[in-house]
Amino acid sequence: MATHHTLWMGLALLGVLGDLQAAPEAQVSVQPNFQQDKFLGRWFSAGLASNSSWLREKKAALSMCKSVVAPAADGGLNLTSTFLRKNQCETRTMLLQTAGSLGSYSYRSPHWGSTYSVSVVETDYDQYALLYSQGSKGPGEDFRMATLYSRTQTPRAELKEKFTAFCKAQGFTEDTIVFLPQTDKCLTEQ
């Protein structure tokens with residue numbers, strides 16, 4: 001279960017049980033001319049959307065987490081996320097391996113043994129990043145998730161609107177989109 005929480009709160013907190021939902025209406029593109037070095041550093045998970053029943057069931061208990069993106073030895077990214085779980089801060093690291101074009105990665109869930117694609121759809125590097133993850137836990141169990149990352153704990157209203165519009169364009173509904181509340185724990189440098 002810790003793996004589930006880590007993946008959800010970190011980037012693509014992937015590998016949770018999925019409910020089928022309408023397929024995305026548009027193909028997801030990757031940030032043109034993605035500059036991985038500018039993407040490094042601290043981010044806060046500000047919003048999530050997913051077709052997984054887990055998000056709908058647990059969204060009231062979720063809160064913002066801090067993630068630090070660092071280069072990995074293989075050219076990919078290490079995503080280290082610190083989040084609140086059972087009133088304690090937990091830290092997990094996941095390896096995003098490069099997958100084709102710049103800004104495209106893959107992540108293999110050690111818990112489920114499934115591989116997910118993770119794309120940096122849009123970022124200005126200084127304020128926000130929109131990420132989209134997709135994969136399959138098994139036959140007929142498609143998983144999709146969008147994540148809004150912010151360099152600050154208080155993303156601007158326009159960024160939330162941009163994220164909501166992006167999510168709806170991917171077929172997510174209002175009940176599958178959540179903006180994560182700040183917490184006074186686990187968000188500062190440790």
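Glycine residues also receive a Cβ, built from the backbone N, Cα and C atoms like all the rest.
Annotation source Swiss-Prot lists active site, nucleophile at Cys65. Around Cys65 (active site, nucleophile), taking its Cβ as the centre, 29 other Cβ atoms fall within 10 Å, counting all chains.
Annotation comment: Swiss-Prot describes Cys89-Cys186 as disulfide bond. DSSP assigns Cys186 (disulfide bond) to coil, not to a helix or a strand. Long-range Cβ proximity for Cys186 (disulfide bond), meaning a same-chain Cβ under 8 A and a gap of 6 or more residues, is found for Cys65, Lys66, Thr82, Phe83, Leu84, Cys89.
The N-linked glycosylation site feature in Swiss-Prot is assigned to Asn51 (among others).
Other Cβ atoms within 10 Å of the Cβ of Asn78 (N-linked glycosylation site), summed over all protein chains shown, number 16. The annotation N-linked glycosylation site is assigned in Swiss-Prot to Asn78 (among others) on the grounds of sequence analysis.
Residues annotated as signal peptide in Swiss-Prot: 1-22.
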In DSSP terms, helix, strand or coil for Asn78 (N-linked glycosylation site)? strand
Give the three-state DSSP assignment (helix, strand or coil) for Cys89 (disulfide bond). strand
